[in-house]
Structure formats: structure tokens, C-alpha cells
């Protein structure tokens, strides 16, 4: 009897997994290969699949089956896969049940067309073109918040979608600490002699950039039988299943760092997705614990590994051999400093570690103000320019390099940006834990040996998939809840070295 | 009230259209970009979407709505879009209602894994690897036939899926005429001095082949804002919607004709799919009338246009300029004869017009014998070799060039092959009708002007989508039902010229 119910639950969840995976395929194609003419029908298709998935998650059949399973699970070990599967399902069912199916379909449609219009608007740097579509998305997101009343903060329901269990108040507390320290750090750095990074903006043929990126993610451990890489306007990772995890990159000929670090970043996400326990096949446990934990993996590979001296001790000779005319006369030390140069800049994904979180804080402020109705979508370009000037002292020449740079809002991802900064924070906490277990980690990396690191991550984080919530997992792995201080300590140490 | 029901029907059909379109995306990706590790989960996803679609088509909600619409449509003009939409829906509902949902899911799963295994088996020319998967598919297809008992012929239910209304007896009658005449023609040609086509097997760089193919389909009228081209092991056309029609090709460096004519072929399919009436948006009328009509379009562009003297009068100088060392010394006349060379050969998709239909007849015979249980899957490679020797006098050195050459059975497409030969037949009938309306067609083609032809096809065939059944449409367009004689007349005239 017990077996029957949990097996029945798995059948129902398997179907939902398939629908989710299908949505991922539709979304991936939309961002990689779809011709412009396909936008409208793709929007319909994604809306239909989203609505069907929503109805399955909120179906009486699933709820009934889940209730039986919950009753049976009362005596099971709290940490067993089955008990956790039931818990994670309950969380999602309870969230979904508040959302009307029509809203889900409208939202899917609005974000499908939104992403298409964002791409067009970004291409012509014409925010007006995107404005009505973003207005629609913000309206839908405000409606979404209303389904979760009463809440402590209107942003809580957004955050909860990507960070189950975390509250806006917690995030604002962490961000307040980060802001204070990071602003001081940036000021301190600004007073030091500048670092040269101009060699990163020479001409780097796209195909060689691509090949080097493939070399790096391969060595990181990316399994090409279970994934692939394509081009897209905005790099991302998406998962069709444990056997098919895809990353994308964006090659810019006169910007070596852009594709390189975004490829390593997405590779970090992908390693997580390729590393779930096989026991989680076609269940909701076969996903990351949260977006912040996901970002902790991608940002760790991108920054703590990919921008480290050890990493380039191994890879720099190889990179020089691929780009002899561009890098032949640049020393390892100069290269290392160049890729870690701190300079308040326009593009989040290309910003340095010292300023990155400020981009996030600006997005979060705007998201909260939009939801609270304190600002209007039409005013965003101007507000963006003003705040960028205030926070970072730089002003974009056009909207493509300003408010339009990121696809997230077009895809309906309101509540997502904070997870990037939280990911940074967690990555440093995890890194301290890794180093405790692997004292010679730097040496291994300097020899191009990433297996020990990957095995550690697999065993301590990846294999668990979505079994544990963020705070629970961070506590388990690092012995403490989310704490911004290790990250600040890491930043200070690093930039003391770079700006010595 | 009337409006409400037909609108409600369109909403329900729109949802089914979305699911079908989603399946097309999943299938396209499977055959173009999916890594091998994705096969299992893709199989599950396709099975789930197929099952959901099946349940929607056979739902009480749809049936009830359809019945109301039928009652209301009694007084409507028989040829109105709405009346036809209802008729086409009824046909599909009646067919689907006989098929259990579990069968649909099993079939989707079996064909997803089947295609994956076919690709592996073909790659290593190892039929044994594919055998159990094909056995499963044949078993499922026999079960499928049983749902339609009583039938005149066990093959009727297969055929009906791709050729609504057509009977196996009709096809066999047409094929008997074709076989007799084509065998005589081949014999006659064999007695003539051979034609040289060896220049087609020189080294032709893949990227130049690709670019030329793009040039040709562009001039044919393919709309790149509403479609794209990719590589796949087996060229195909698939439709995600009127705004997104995709073709694939397969480039072989030492075979100029392969990608060239398959690109034109798929381009012909795609023009059809891009030409439906916009009024059919997200309805089941936004598809081809049948596979035979579809093939009449692709085979017409491939052969009646693409292998004509006029076509190459325009294109040959351009082709020569792209491949000066390979074709510089080959005259237009020699090239024309070369691409029309008759030679019994191993690969259907690359076979000449005189022998092509014999490949189809062999497939049809085997399909019928498999369904009737007169032969076993494990014996297929040997039977294939024997019959190829008997029919065409050639024997494949391995299964990759024999029984494994075509993906169709792996995808569950039993009943599909005959539509190729029927398409040939219809293409010649349509061509006679076109020429009656456009007497200077050859001159126009020789000037690279395809618009007049495309407009004619759009107006007389494409725009109607699936409004009319094959026989009805052929009658409407050509003034006669399907008739093999125009095709035989065309073949004879052509090969008299080539083998003068």
C-alpha cells in the first residue's frame, strides 16, 4: 500500500517533470535558433504547456495522492529521499494552488512575446518597443503577489519562487552589510594606481574563443554526452533532464573575457545539473536546491576558480599559444590583474567582483519599487541612468547597455536577481569549507586537476539536488547559515593582492 | 450561440495544435542537436505530450463541442472553412477514439528510443542493435491495426493515418501500373549507352554546398524569417507553426547531388507549409492535405523543377563558378544528363526518377508482410538484400546502405513510404495543370523566376491546407483523380531526351 502511493506519486511527478522539461526545450530553442516568425505560436505553445503543467500540479489526483503519502511518511526518516520528495512536492503544490491557471497561461504568453520583443528592442536599443510588454509582465507579477496576501513584504512571493524559505527582510539585511563594505572597498581601490586590462579588448577570433571555452568546460568535467553548448543573445543553462544539460555562450570578438567567463559560469551551473543523484530521475528532486545555491556553483567556478592565480598558472600558457599576437607580451601576473581589474562598468555580466553586487542591488531596488507602484516602467531608462551614475559613476550611452542589458524581466524573472549576489556570498562560504577538506586545492588547480574539487562538490552539494532548502544546505555544508563575511573577506584579500 | 460553439471548438483545437507543435519541436531537436544522453528523458517527454494530446482529442469536452458544431453546420456551405474544420476534426476524433491512450504513450516512447537506436545502429551498420526496438514498433503497429478491425486490408489503418480516405487496394492498383511501365523503362534505358555522372562524386566542400542550397531555396521563395535550415542524419521538414517551418539537410563531401536535391526537396515541403491561409492559424487545417500531396510539392520542386534543363540553364553558370575545378569542364548538357542518370542504386533518397518508385514498392511489400506476420524483423536485412538484387540488380555491402538507410520505421512511420510514390504521380498531374495555365513556365524557370510557379501553387494548393482530402484536391486541381499516366508520360519523355 505504502509502495503503491509513493509510486503513484512518482508517476504523477514524472509527468510534471516531462512537461517542465518540454518547457525547457521550447525556451532553449526560442533563445537559440527560433526565427522571429515563430514567436507568436511559440508563445501559445509555452502558454498551453505551462497551463497543463499547472493543472497537473494542482490536480485533485496529485493532492489526494500526496496527502496519503504524507500520512504514510510520518514514520519515515526525515532525511530520506522519499520524505524529502513529499516535502518538496507539498511546498510546490501549496504555492501553485494559490495561482489561477489563467494567470499561468497569460504569464507564459506574456513572457514568450516579452523575450522576443526584448531581443528586438535590445538590438535597436529602443526601450519604447519593449515597454508595453514589460508593463504587462510587471502587472502580472503584481497580480501574482496578490495571490499570496497577507505577506510581510510584497517581494516575498517573488523571492520565494527562486529561494524557498528566504524572506526579503533577510536579503535586505545581508545586502546592507555587503553594500557598506563593498562601497568602501571600491573607494579604496579607486585610490590605488589603475590596472591595465586593455589587452582583453583586442581582436580575438570567435572560433578560437569558442574552442578554448570548450576546452575549459571539458576539463572542468562537463559531460558532452549529456549536454551541449550553443550561442544565444544572453548566456544561460537549461536542463531537459539529467542526460541533457545545455549551456549557451555569447562571443564578442573584441572582448576576450565576456565569453570566457560566461562559459565557465554556465559550465558551473551545468556541472551541478549533471551531478544529481540518479535516484532522482524524473522527480522534482532532480533540480538545484535554489537559484542562490545554483549561483554559488556558477560564480564559484567563474570567480574563485576561473579568476584565480592558480587557474591561470595552468591555463595561461595555453591561452597565450592560442592568441600569441594578442597575449604574447602580457605576463601571467599582468593577465591575472587584468581579468580582476576593478572598474565601475555598465554591464553586469562583465562587471568585476567588487562592483557586481551593486548591479544586483540596483535591480532589486527597482523591482521592489515597481511592485510597490512607486515607479513606472516608462521611467526605468532614466532611473537606470541616474542610479548607475549615483552608484557606480557611469552612464550608459544607450538603453541596450543600460536597462535593456538583461533578459530576466522579459522572461518574467522578477525575484531572481538577488540570487546572484546571494550566490556570490554562498560561494565564498563553500570555498572555505572546500579548502578545509582539500588543503592543497590551489596546487591541484594550478596543475589543471579539477576532479578533486568536482568530486567534493558532487558529494556535498550536487548529489542532493533539491532535497534541502538553501539555509539548510548551507548550514550542512559550511556549518553556518548564509553569512556575507567570508565573501567580504575573500574580496578584500583578493583585491589587496591585485591592487598591491 | 453558433459563434460560441465554433469559437470554443477553435480554443480546444488551438490547444491541440500547441501540443502538436511542441511535439514537433521535441522531435526536431532530437534529430538535430540532442546529445545521446538525452534520449531516455526525451522519450518520456514525447510520450507524455503525446498522451496528453491524445486525451485532449478524445476528450468528452471536445466531442460534445464538436457535436454541437456539427448540428449547427448542417446549413453552412460545404466548402466553408468552418464546415471543413469540423469535418477534419471529426475524422481525427473518430480515428483517435479507437486508440487507447496507453498505446499512444508506448508508441511515442518506443519511437523516441527507436530513432536513437536507429542512429547508433546505422552509424555502426549493426542491424542487430536496432532489431529489438524495431520489433517493438512493429508489434505496436500490429496492435494499432487491430483497433480498426474490421478492415479490408491490415495496411488500411496505416495508410489512413497519412492518406485519409485512400485504400491499400487503390495504391496497389496504381503501383501495379507503375511497376510494369517503370521496369520496362529501366530495361530500355539499360540498353542505351551509359551517361557519365562521375563528376558529381568529386570533392565538394560542405560549406559551399550549404551556401548554394541556401541560395536555391531562397530563390524558390523560402521565407527565412519563418524558418531555418539545420543538419540532421536524415533530411526532413517540420512545422512548429505557420511562422516557423524548418528544413534539414545532410552534407556529403563527395556527393554533390545528395544535399542539393534533398535541400530542394525539403524546400518544396516548406513552401507548402509556409503557404497556408492565415485564417487557419492554430487549427488542424494548417497542415498539408496529406503526405502524398506534400510529396507532390517536394518531388515537383526536386525533380520537375530541380532536375529540369530550364532550371540548370539558369543555375549552372552559378554552380560552375562555385566549383570551377570540379565542373569547369562539364557542359550544361553533360551536367543535365548526369543529374538524371538512371542507375539502379542502393539509396532511395539519391536514386533517379526511373528507379525511385521501386524502392518504395519494396518498402511497401515488406511493411505489409511484416504486419501480416509473413516475415520477421530479424530477417529484414537478408530479405532486403535479396529483393534489391531481384528488383534493381544491386546488393548493399552493409545494412547502413540497405535496410537501415531510412529513419521512417524507427519513428514508427509504417504506411508512409507509399506516399512518396503517390507524390511523384500527383506531381506530374499538377505539372500538366500548371503548364496549361502558365505556357511559358520553362522560360520563366530558365530565367530563375519561380514566383509565378509559387503563386500558382499557393493559390491552387497551399492556401487550402488540409481543407480537402487528396482525391478531392487532385480532382479540383487537375480535373482527374490520382492517375499514374501523366507521371509515366513525363518519365518517358524525359529519359528519351537524356538517353537520346
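Just so you know, glycine gets a Cβ as well, placed from its N, Cα and C.
Residue environment of residue A:266 (active site, proton donor/acceptor) contains 26 other Cβ atoms, counted within 10 Å of its Cβ in all protein chains. Secondary structure from DSSP puts residue A:266 (active site, proton donor/acceptor) in a helix. The feature active site, proton donor/acceptor is assigned by TrEMBL to A:266.
Annotated Zn(2+) binding site per TrEMBL: A:265, A:269, A:295, in sequence order.
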Output field, Zn(2+) shell: CB within 8 Å of site CB centroid, site A:265, A:269, A:295 dropped:
A:237, A:266, A:268, A:294, A:297, A:298, A:299, A:301, A:302, A:423
Hey, how far is residue A:266 (active site, proton donor/acceptor) from residue A:295 (Zn(2+) binding site), Cα to Cα, in Å?
9
